[in-house]
C-alpha cells in the first residue's frame, strides 16, 4: 500500500502543476518549492518559484525588452544611427528594427550599420565603401561585385566585336562581317585624317608664301650703301648740268671754260 502511494505521488504533483500553470506559454516545471512559471516575453523573473506569479514576473521598463521566456534581465533597445531609419519601434517584447536611408543599405542581416549603396560600374569593399570596377571587369547591377569581361562568345562564328566597360560586358557578334566593317571604318578614318592634315599644310604654306611676297626683299647693308651713293652722285650730276648752259655760240659754255681752266691749273708747269 505504501509503495502504491509513493508511485502515485509524483503523478499527483505533475497534475497539480499543470492546473496551477494553466495558460502559461511554456507549461510549468516541477520544483521543490512547487509549480514554477516561466515569465512571458516582455516580463523578467524577479523571484524564481514565488507562490504568487505577480511576485515572480515583472514587466520590462521603458526602453528595454525581452523576447524569450524565463529571462532575469531585460535588454536595452537598439538606437538607430544617423544613416539609419526606424522601421519598427522597440516594444517590451521586441527590439528596434532599423533600416537605412535612401542611397544606403544594411551591412549585415541585423542592419547593425549602413553603407553607401554602390551604383552600376562600382563594387562594395570591406570598408563600407565603394570602388570603381577594375580594368577588365564590369557591374551592371546595383551593389554587386564586379565580374570579369567574357573572353569568348557562346555562339559559333561569333567573336568579340567590342570590349566591355565598367558598366557592361564585352559584346559578341559576327566576327567576319563586323571585323571587315570595322577595318574599313578605321582605314577611312585614317585617310580622312591624313587628307585633312595635307590640306591644312598646303593652306599654311600658301599663306606664308603670299605674306612673304607682299614684303619687300631686304638687301645687304653694303649693297644698299652703294645704291645710296649712286643716287647721290646722280643728283649732284643733274644739278651741275642745270648750271652749265651755252653762253655764246663760239665761246662755249661756262662749264666748258671752267673745266678747261681747272684742267690747266692741274697740269704741271
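Cβ atoms here come from the backbone N, Cα and C positions, even for glycine.
Keep in mind it's a predicted model, so treat the numbers as computed, not measured.
Annotation comment: TrEMBL describes 1-23 as signal peptide. Among the features that TrEMBL reports, domain 'TNFR-Cys' is placed at 59-98. As annotated by TrEMBL, transmembrane segment applies to 182-206. The region 'Disordered' annotation in TrEMBL covers 215-269. Residues annotated as compositional bias 'Basic and acidic residues' in TrEMBL: 220-229.
Taking Cβ pairs closer than 8 Å, the compositional bias 'Basic and acidic residues' (220-229) reaches no residue in its own chain that is 6 or more past its ends. Across the compositional bias 'Basic and acidic residues' (220-229), DSSP helix (H, G, I), strand (E, B) and coil residues number 9 helix, 0 strand, 1 coil.
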